[in-house]
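Colleague: I am attaching a structure below and will ask some questions about it afterwards.
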Amino acid sequence: MKLATAFTILTAVLAAPLAAPAPAPDAAPAAVPEGPAAAAYSSILSVVAKQSKKFKHHKRDLDEKDQFIVVFDSSATVDQIASEIQKLDSLVDEDSSNGITSALDLPVYTDGSGFLGFVGKFNSTIVDKLKESSVLTVEPDTIVSLPEIPASSNAKRAIQTTPVTQWGLSRISHKKAQTGNYAYVRETVGKHPTVSYVVDSGIRTTHSEFGGRAVWGANFADTQNADLLGHGTHVAGTVGGKTYGVDANTKLVAVKVFAGRSAALSVINQGFTWALNDYISKRDTLPRGVLNFSGGGPKSASQDALWSRATQEGLLVAIAAGNDAVDACNDSPGNIGGSTSGIITVGSIDSSDKISVWSGGQGSNYGTCVDVFAPGSDIISASYQSDSGTLVYSGTSMACPHVAGLASYYLSINDEVLTPAQVEALITESNTGVLPTTNLKGSPNAVAYNGVGI
């Protein structure tokens, strides 16, 4: 089984088998099918409920080889999906260990148009039959590892300038890198509320950096609504902490998909699907949203298809490019950044505007799938160990939330609800040609910028 790396600096370690996930707080209720496709959608939900029941208390072992992710093409109709599900049901013996374990569904769409796919345990015969379909993609579940270790031990626009110790905030608010006397320059207060989903290891919501703006959304990793690793809390602090965050006004929603250093891709996809459904269900009153995922894994057509749905719904996605010092086009979902408007793949630079290089041959990924670079070396942010502590980490995991926070900031200061593509253009096209050209290796010469400081 291939291991994937998510993007702070360390080597990958496999976690123990995942415990059964806790129920997702505030999760959307089961869909009540409505509309012309109601019968087809109802039949889909019926099969999913029947097959998944046998796995209710199943603990996912990361070494299992027979788990698969199935994602339907965006062109597939609800009737076509229902037909494929019925075919699958005819192949699954009720007493066997085969079957759908969970759905990848957006139940806010009660006509079934949000049924994106499913995860299941299937033998080779069933997998071969599934692959005969022209309207779906079938792939083995893979492992995404989350290395998480400190990199070091320790009208008229109303403009606000704040002295900061965090060089990253200074960099994204100036055209050129500053040398000391760092200051974060931005518009004083966003006029419109935003929501930022952090799909990660959870958030220490009680940390003083968050001022009550961080909440638990869903937990697909274990039964503890706590960040036991620190990765998610650090990321959230960069997105929206009051001292170290880009947008200190955004609401932060924790979507936990990592309990240990590793998680199944299927679990990450479930977290993503929950976040997208939650955003859609609240979009009428809170339309300005972003999602941060500081991780990735081997190329996955099913994941790429699934995550592309976010921008169609109006949710901007920021993704870390990776720390392997290789072409970012080799990882998912970061490989879709360069070609999908509204999904931003983020590389890392250091305080001297050089593409980040770390010990052990690690460095920021690069190439045409990278959309923009942002500060990722020696970043100070919130610690998971106390309600007031800080930690210093490095990686594209740290660059990514600078961009997610910047996207939230742009959404908050504009009266018009900008599309993900419009926000991406503001971030990636406002500060170009400023990096040394020697090691770009096909990457864009662009640094994330808020358009304020000179």
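Cβ from N, Cα, C; glycine included.
These came from Swiss-Prot, pasted as-is:
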type	residues	note
SIGNAL	1-15	signal peptide
DOMAIN	68-146	domain 'Inhibitor I9'
CARBOHYD	Asn123	N-linked glycosylation site
DOMAIN	166-454	domain 'Peptidase S8'
ACT_SITE	Asp200	active site, charge relay system
ACT_SITE	His231	active site, charge relay system
ACT_SITE	Ser397	active site, charge relay system
Colleague: State the three-class DSSP label for His231 (active site, charge relay system), counting H, G and I as helix, E and B as strand, and everything else as coil.
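Modeller: Reduced to three states, the DSSP call for His231 (active site, charge relay system) is helix.
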Colleague: In whole Å, how far is Asn123 (N-linked glycosylation site) from Asp200 (active site, charge relay system) when you measure between their Cα atoms?
Modeller: 31
Colleague: Can you grab the distance from His231 (active site, charge relay system) over to Ser397 (active site, charge relay system)? Cα atoms, rounded to a whole Å.
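Modeller: Between the alpha carbons of His231 (active site, charge relay system) and Ser397 (active site, charge relay system) there are 8 Å.
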Colleague: What mean pLDDT does the predicted model reach across the domain 'Peptidase S8' (166-454)?
Modeller: 94
Colleague: Ten-angstrom check, please: count other Cβ atoms within 10 Å of the Cβ of Ser397 (active site, charge relay system), all chains counted.
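Modeller: Excluding its own Cβ, the number within 10 Å is 34.
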Colleague: What's the CA-CA gap between Asn123 (N-linked glycosylation site) and Ser397 (active site, charge relay system) in angstrom, rounded?
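Modeller: Between the Cα atoms of Asn123 (N-linked glycosylation site) and Ser397 (active site, charge relay system), the distance comes to 36 Å.
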Colleague: Counting other Cβ atoms within 10 Å, pick out the least crowded of the recorded positions Asn123, Asp200, His231.
Modeller: Asn123
